[in-house]
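Below is one structure, written out as structure tokens, with a few remarks after it.
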Amino acid sequence: MLGLHVGTLISLSLCILLEPVEGSLMQPCQPINQTVSLEKEGCPTCLVIQTPICSGHCITKEPVFRSPFSTVYQHVCTYRDVRYEMIRLPDCPPWVDPHVTYPVALSCDCSLCNMDTSDCTIESLQPDFCITQRVLTDGDMW
């Protein structure tokens with residue numbers, strides 16, 4: 001009985017000691033300001049802006065035993081509440097609609113990745129990647 005009690009105290013103490021370390025290393029799932037690029041086929045430049053996106057750590061569990069009959073679902077930091085804003089890209093030809101809509105994160109949540117609204121890949125391009133010439137929102141070129 002004493003061994004069980006001592007083992008429990010050691011486990012509890014270890015959890016209490018490790019909790020602040022883990023909390024300080026991983027940011028929670030929340031909106032953060034991020035530089036992103038907006039571009040559209042037919043327009044010669046991409047616009048670089050700052051907007052809130054969802055980013056941070058979500059607790060996930062990896063099963064010890066993997067069954068071929070079950071699926072493992074991992075939670076990711078994704079949009080809970082989102083607003084869409086529209087911006088006009090500069091220098092688009094007259095036959096191309098210069099307006100681009102982009103999401104603005106109002107709140108975030110750890111949930112399954114929705115491929116309709118999020119980039120669910122393991123490795124993707126950075127959010128500020130541009131194929132065309134970059135223009136800052138103040139008009140300067142990169």
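The backbone N, Cα and C atoms fix where each Cβ goes, and this holds for glycine too.
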Exercise for the section: Look at the disulfide annotations in Swiss-Prot and name the partner of CYS110 from this list: CYS43, CYS46, CYS54, CYS58. Expected result: CYS58
Exercise for the section: Check Swiss-Prot and name the cysteine among CYS15, CYS29, CYS130 that pairs with CYS77 in a disulfide. Expected result: CYS29
Practice task
From the candidates CYS43, CYS46, CYS54, select the one that Swiss-Prot records as forming a disulfide bond with CYS108.
Solution key: CYS54
Problem - Disulphide pairing with CYS92 per Swiss-Prot - partner from CYS43, CYS46 - result: CYS43
Practice task
List the Cα distance (Å, whole number) between ASN33 (N-linked glycosylation site) and CYS54 (disulfide bond).
Solution key: 9
Practice task
Please report how many Å separate the Cα atom of CYS77 (disulfide bond) from that of CYS54 (disulfide bond), as a whole number.
Solution key: 6
